[in-house]
Amino acid sequence: MVSFIDDIQLCSYHKLSHIQVKMAWISNVLSANFSEQMQRLLMNHEEDFHRLICYLEQNDTKSEKSHTLQLFAGCELEDDIQMDSHVHLAWDGEDLFRRDEQQGYWIFLKPMGYILKTAVESAFWDSVRKHYMQEYCFDIMRKILRHSGIKENVPPEVTVSRHDALDGTITLSCTATGFYPNSILLGWEKGHEHAIWGKKSSSGTLPNADGTFYLQITLELLPEDPGIGYTCVVEHRELKTPAVYPAPGKPTKEKPWAMALAIVTVVILGVSCALAFITRKEKKTALARGPA
């Protein structure tokens, strides 16, 4: 079992270990014995799942000796208002049925799902489902959001840079930071085409200290590529349309004579300051000795 809020993992459970809450303050917000309560609940449901797997195996015509049963449940809040909830049951990676809460009925997607149709549509299961979604989804999410540092959606701040190495290698970097949630698409285009024009690397999406996220992608261009016409394209839920950031052009080099002139100027100024200091020191010495 894995639990998330907006792509942030909150807790997980495995039969070989106790439930693990990823952030300690969550247990305090929910209740002093939250972990123990969830542990008992999940252990009980684990036994129910084993019985259900055995029941479904009897009606599965496939030859596989092992099977996977998955339950997906989720809910949506907007400004503390309950918007929607979702329940899916999957067998070996394929949905058997799902709940359409907006329409108020179950949708059966596989013939095998109809085996559970009577139980799923019963008044008892409907009551259990509503209770669980309210207590273990909507109510828990409300408590966490009211006491957490989870942010409102924030668009990314993007910077694009270019580095020209001494050996002629050109590396382009595109950095997006300060965005929330962490789902983001960041990629290089050349002439509105998606392709790989060199060696691409990514930092992966990483957390910032303030709860937002950071991602950097770099592109080391192929030899003889002047690096012209590249753009970094960013897609995030807080951006109405994909944002396009052109890569900077080749940096201008300072002319050798200009550099030499600057060095000469610095040397002259240094020598002038030294002479002035020596002259001033000699005058002070002469004044200290007095007239001859």
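Cβ coordinates come from backbone N, Cα and C, glycine included.
Features as listed in TrEMBL:
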- 156-236: domain 'Ig-like' (DOMAIN)
- 257-279: transmembrane segment (TRANSMEM)
> Under the DSSP assignment, what numbers of helix, strand and coil residues are found in the domain 'Ig-like' (156-236)?
Replying inline: 0 helix, 48 strand, 33 coil
>> Return the average pLDDT for the domain 'Ig-like' (156-236) as a whole number.
In response: 90
